[in-house]
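Noted in Swiss-Prot for the protein shown:
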type	residues	note
DOMAIN	51-167	domain 'OmpA-like'
LIPID	25	N-palmitoyl cysteine
LIPID	25	S-diacylglycerol cysteine
SIGNAL	1-24	signal peptide
């Protein structure tokens with residue numbers, strides 16, 4: 001018993017305990033809502049490049065739980081995407097639909113497809129030709145965040161617009 005008490009009082013044990021306690025209290029950083037919020041700033045990319053699209057326009061939108069309805073914040077991002085795609089017609093796009101880990105594989109694949117289709121339909125309504133767009137669903141197979149909390153799940157409920165090079 002005395003050995004345990006002497007170890008507990010040693011400066012090394014106290015320092016180790018304090019460093020573990022401080023590390024356990026690390027705060028979480030807020031993640032960006034879309035790629036345009038990555039802090040790289042407007043104008044950091046060559047106009048018309050895929051980096052320009054990702055940084056200055058935003059390549060992803062997010063959805064509410066079990067929903068494929070385009071939210072108001074997503075409508076703004078998609079409107080900017082449509083304008084950019086009309087300005088640079090050499091690009092075609094693939095719209096990836098994603099879901100969080102909750103639900104069956106089949107349900108999440110179907111939900112991801114509905115999200116990709118809703119995104120495609122919105123862009124088409126803003127003048128992007130449908131022959132320049134294709135959709136694919138990854139369901140819950142490609143999460144960007146992995147944890148058992150809504151902070152992660154909400155990042156995985158998304159549609160990502162991927163640029164394909166000219167002539168594709």
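Glycine too: its Cβ is placed from the backbone N, Cα and C atoms.
From a predicted model like this one, the values you see are computed outputs, not experimental measurements.
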Secondary structure composition of the domain 'OmpA-like' (51-167) [DSSP: H/G/I, E/B, coil]: 54 helix, 24 strand, 39 coil
Per-region confidence, the domain 'OmpA-like' (51-167) (mean pLDDT, whole number): 95
